Number of protein chains: 2
Amino acid sequence: MQRRILSRELPTVPPGETVTLAGWIHRRRQLASVSFLVLRDRSGLAQVVARSDDEIACVASLPEETVVEVTGRIVANEAAPGGVEVVEPRITALTEPAATPPVELWRPELTASLPTLLDHAAVTLRHPKLRARAQLAAASLRGLRCRLGELDFTEIQTPKLVEMATESGANVFEVDYFGRTAYLAQSPQLFKQMMVGVHERVFEVGPVFRAEPHDTVRHLAQYTSIDVELGFIRDHRDVLAVLREAVAAMVSGISDYAGDAASLLDVTLPVVPQEIPVIHFADALALVGAPADEPDLEPAHERALSEWALAEHGSDFLAVEGYPMAKRPFYTHPQPDDGRWSNSFDLLFRGLELTTGGQRLHRPSDYRAALARTGQDPAAYTAYLEAFEHGMPPHGGFAIGLERWVGRLVEAPNIREVTLFPRDLHRLAP
Amino acid sequence: MQRRILSRELPTVPPGETVTLAGWIHRRRQLASVSFLVLRDRSGLAQVVARSDDEIACVASLPEETVVEVTGRIVANEAAPGGVEVVEPRITALTEPAATPPVELWRPELTASLPTLLDHAAVTLRHPKLRARAQLAAASLRGLRCRLGELDFTEIQTPKLVEMATESGANVFEVDYFGRTAYLAQSPQLFKQMMVGVHERVFEVGPVFRAEPHDTVRHLAQYTSIDVELGFIRDHRDVLAVLREAVAAMVSGISDYAGDAASLLDVTLPVVPQEIPVIHFADALALVGAPADEPDLEPAHERALSEWALAEHGSDFLAVEGYPMAKRPFYTHPQPDDGRWSNSFDLLFRGLELTTGGQRLHRPSDYRAALARTGQDPAAYTAYLEAFEHGMPPHGGFAIGLERWVGRLVEAPNIREVTLFPRDLHRLAP
């Protein structure tokens, strides 16, 4: 058997040579005296031309999505993908003839309803445009991890089964844990902070779980959280500087490893400014004409602020710092000169909140006071508090939802469209 | 404030210059007229020397693990780590004086019991030897991901909440999923196979869950599984070739990114042969003198086989192929010339099974037959079977337990010693 080459390698093969391709039959077109077969492999599409009666009969017998191996001769054809096509093919099926797919995967656009796409995800995800979305996610992570490695971050894995529903108490999944009740972790927040005490700079990319009881286009019961945390910062601005590096690396990752996918999806990659513009929460409220005592930004405010950042700073990104302490979790570090505000931020990306981050408390006495203030029992935080009692540096971090990042890039109206096998209030399969 | 430098950068600073370090007070030694302070940061240790009364008083006031910033002058001292030390220090505490740690972190070896180490993990993981283990894990993953990227593998994230306890039925955790019962995924096996239909080559690094009711040194309720799956293989030997690349990349990752950690732990990195030696299961039984109808290898057999591979092939790795079909999961591909055996393998590493892998079935008719043979309801596998009905290439893959890999490298007697925050029958915190 000849070594298989990929469709993307075809243009590098001298015309006249014989090659072997393998992949799925993406499409067939049977004309009067010739049949075209478009083969799909992990690298793209290749055109195969059948002219003899035997070749045409063979193509006719193999439905779309059948997996085949094709050996044939390369000839130049400007109209074919990559400028070459394969002629005089010997086609061998590697499996049984495929059943008719639930949607026509060869059509440039998928018009099926979202439930249909999700119910048949094992097949519909093969569509080049859905596949490309998954490639954006993978390439973003590849770029990100590389950069975090350069910046001396250590990747960690933390427990997803936890004893206490500590961080918010609401919307947690209960697990029968050898007869006791455990909970699925809503975030690795407490663990990543503890691990700053070990490695100074840590990150985790993993599943987080929210028993979100509402059926919205933005929420999933499981999503992929990119969690980063670092020590020895001055304040949240140092965290923002690392977030800037992280986002820039995700964009470079896409350029480097998924450029074709980005083109196919017409994604305009954002330019990440050397320094992300920052506005204070109080100024943000004033800018959008909201009352000065609003505790949070409405979606319409976020959109208006993003438009302002683009017009004023030419940036797709805007950090809003100083969110009211009252709306932030107990471990949030206050703004030193005015305790109503916090040293935390949201990063807006094209009108949507992409990330929440900021400086955390690091003094044990501050933790004791924060828990008392929020009416929480320190006993629920024994291991976490131990880290602070034994010396923790000033630190902070952020979390990016991977699906949210890809969703905003491709302007998906529903987060489920950028999740391989989404989980929500109603959906637990496939 | 002067820019902080890391302890590992100290030898590059010309003597006489003033630098700022930051980290944890790892150890203090107070002699008659001088105090030594060893500072620990993410890159290693640095020696600080206090000579004036004020300096000595300052060192005396700051207990071990307090986080400090130290500004001082560099002088050469062959006896100090890196050949230099910091004199005339100005020491500023960045937090409150630390409480006395539950174990003496400055001692070269930790002698505390495992429960003590695990109960206080947030602090004990700071010990350089425990920290180094975590660095081996992170560096292994870094090398691995890089290589898999080069080999065109796409990283995926799959659901950890699933509808059916399909793969084995036993030892699954039940979750209250919006009033229904869901299960925590025991492996991404079915999903990664489906995703071969999309990307051809996929991998996932993520948590898997086993409700392991026995208290052993080898089992965890959650561990990190490195799952790899690829299409368009001839048989399991192509899978083994990729596994060889994966293991070699994990070893290179350690050399490249955690060489100091490996030295500190006295880890002898394995040489990964260009081709991993293979023995058939039947020959393996004969070699260790076991009856020919044994369905599995005993731990003692695995050790004997590893010794044989080292003596015979000079290899720390040995693949045992052809495991009896009766002991393998339903999706296992049989050995074409003898259906009693399978196209699957275990990879032994220094006497321990590190990985199970092999070729899977890919024809839908074979799946129907396999489910019927094993008495399973195809309705439980609707989405999975759909992938095969619509064309799947010959494929296979493997899974490596990250903790098991590190555990064998450092010869940890208990898998909990190489897990940040282990979960087991009794332990759900920290």
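For all residues, glycine too, the Cβ spot is worked out from N, Cα and C.
A:Arg210 (L-aspartate binding site): 20 other CB atoms within 10 A of its CB, across all protein chains. Taken from TrEMBL, the feature L-aspartate binding site applies to A:Glu167, A:Arg210, A:Thr356, A:Arg360.
Under the three-state DSSP scheme, A:Glu353 (ATP binding site) falls in the strand class. Taking a C-beta cut-off of under 8 Å and a sequence gap of six or more, A:Glu353 (ATP binding site) has these contacts in its own chain: A:Leu297, A:Glu302, A:Asp346, A:Leu347. The feature ATP binding site is assigned by TrEMBL to A:Arg210, A:Ala211, A:Glu212, A:Arg218, A:His219, A:Leu220, A:Glu353, A:Gly401, A:Leu402, A:Glu403, A:Arg404.
The annotation domain 'Aminoacyl-transfer RNA synthetases class-II family profile' is assigned in TrEMBL to A:130-430.
The region 'Aspartate' annotation in TrEMBL covers A:189-192. The average pLDDT computed for the region 'Aspartate' (A:189-192) is 97.
Neighbour density for A:Pro81 (site 'Important for tRNA non-discrimination'): within 10 A of its CB lie 17 other CB atoms from the protein chains shown. According to TrEMBL, the feature site 'Important for tRNA non-discrimination' maps to A:Pro81.
For the ATP site, whose annotated binding residues are A:Arg210, A:Ala211, A:Glu212, A:Arg218, A:His219, A:Leu220, A:Glu353, A:Gly401, A:Leu402, A:Glu403, A:Arg404, the maximal Cα to Cα separation is 21 Å. According to its DSSP assignment, A:Arg404 (ATP binding site) is helical.
With a cut-off of 8 Å between CB atoms and residues at least 6 apart in sequence, the same chain places A:Asn171, A:His219, A:Leu220, A:Ala221, A:Asp424, A:Leu425 near A:Glu212 (ATP binding site), listed in sequence order. Residue environment of A:Leu402 (ATP binding site) contains 22 other Cβ atoms, counted within 10 Å of its Cβ in all protein chains. Across the fold, the C-alpha of A:Pro81 (site 'Important for tRNA non-discrimination') and the C-alpha of A:Thr356 (L-aspartate binding site) stand 43 Å from each other. In the three-state DSSP scheme, A:Arg360 (L-aspartate binding site) falls into the strand class.
Cβ contacts within 10 Å of A:Arg404 (ATP binding site), excluding its own Cβ and spanning all protein chains shown: 22.
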